[in-house]
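> One structure coming up, written as C-alpha cells, with questions to follow.
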Amino acid sequence: MSAMQSFSIFSKAIANNQLSQYIIMKGTHFTVIAFTLLAFACSLASAFDPSPLQDFCVAVKDIKNGVFVNGKFCEDPKLAVAEDFFFSGLNKPGNTSNLVGSNVTTVNVDQIPGLNTLGISLVRIDYAPYGLNPPHTHPRGTEILVVIEGTLYVGFVTSNPDNRLFTKILNPGDVFVFPIGLIHFQFNIGKTEAVAFAGLSSQNAGVITIANAVFGSNPPINPDVLTKAFQLDKNVVQYLQSRF
C-alpha cells in the first residue's frame, strides 16, 4: 500500500469516526506515514528566529514593563514624510583628534527612522595619518567597506580554533568585506588622511571595540581574570585598565 493510499484511508477513517480502529490495525504503517508528513510540513516552515537588534532581551511577566524588540515601533505609513528617509552630512569629515586617530559617523535607524526593519545602515570612517579604527566586532551585521581616499591596511580574524588572519592593503576604489561577528580593523598606513564608507547588513549592527570592552568595562573586570587570560603581569593589566 502506498503512502498516498494509506493517507486516503486515514482521511476516510477520520470522517467515519473510525480513527482509533484504523490506528490499531495500521499502527506501525501509520507511524511511518505520520512522521513522513511531519517532515514534509517542517521542510516548508521557517526554522529560525530573526537576529536580535539589541544586546539582550530579558523576559517580563507584566507587559506594562516591556519594550518593543527587533526594531522600533512603526509610525502609521500615511504619516510618513520624505525626511523620515533622509540624512545630510556625510560629506563632512569627522574629527580624528583622538588617541586612535579615527572617527566613525554612523547613519542607522537612529538617524534615519525610515531604515526601521530594512536591515541596512551606513557609516563614514575618517582616518588621520596613521590613524586606526581599532579591532572591533559588529555582533549583528556584516560590513562591506570601500576606500575613497588614502591607503588602508585592513583585516579580520576568524573564530576559534583557527584564528586565521585575512589582510589586504586597500587603495581608492578597493572593496573589502568583514563577515558578521568577526574581529576586524582598518589602519591608515599613509602619510595623508584617508576616508572610507561602509554598508552594514543591519539597521543597528552594534559595535564592540575589543580593548574598550575588556579593559574599560563598567565595573572593571577583576584584574586576576585578565592577568590569566592575557598572560600579563597584574601591574600591566591594572595600567591598561587605567587607560580606558
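The backbone N, Cα and C atoms fix where each Cβ goes, and this holds for glycine too.
Note: TrEMBL annotation is automatic and uncurated.
Heads up, here are the entries from TrEMBL:
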BINDING   Asn133, His138, Glu143  oxalate binding site
BINDING   His136, His138, Glu143, His184  Mn(2+) binding site
DISULFID  Cys57-Cys74  disulfide bond
DOMAIN    88-238  domain 'Cupin type-1'
> Can you grab the distance from Glu143 (oxalate binding site) over to His136 (Mn(2+) binding site)? Cα atoms, rounded to a whole Å.
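Just about 12 Å between their Cα atoms.
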> Which residues, same chain and not among His136, His138, Glu143, His184, have a CB within 8 angstroms of the centroid of the CB atoms at the recorded Mn(2+) site?
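The surrounding set, listed in chain order, is Thr137, Phe156, Phe178, Leu182, Ile183, Ala205, Val207.
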> Counting other Cβ atoms within 10 Å of each residue's Cβ, which of the binding-site residues His136, His138 comes out lowest?
His136
> List the other residues in this chain whose Cβ sits within 8 Å of the Cβ centroid of the oxalate site residues Asn133, His138, Glu143, in sequence order.
Val123, His136, Thr137, Leu145, Phe178, His184, Ala198, Leu200, Ala205, Val207
> Would you mind giving the whole-number mean pLDDT across the domain 'Cupin type-1' (88-238)?
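Across the domain 'Cupin type-1' (88-238), the average pLDDT comes out at 97.
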> Whose Cβ, among the recorded positions Cys74, Asn133, His184, has more other Cβ atoms within 10 Å than any of the rest?
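By the 10 Å Cβ neighbour count, Asn133 comes out on top.
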> Closest to Cys74 (disulfide bond): which of the binding-site residues Asn133, His136, His138, His184, going by Cα position?
His138
> Between Asn133 (oxalate binding site) and His184 (Mn(2+) binding site), how many Å separate their Cα atoms?
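Counting only the Cα atoms, the answer is 9 Å.
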> Cα of His138 (oxalate binding site) to Cα of His184 (Mn(2+) binding site): how many Å, rounded?
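For His138 (oxalate binding site) versus His184 (Mn(2+) binding site), the Cα atoms are 9 Å apart.
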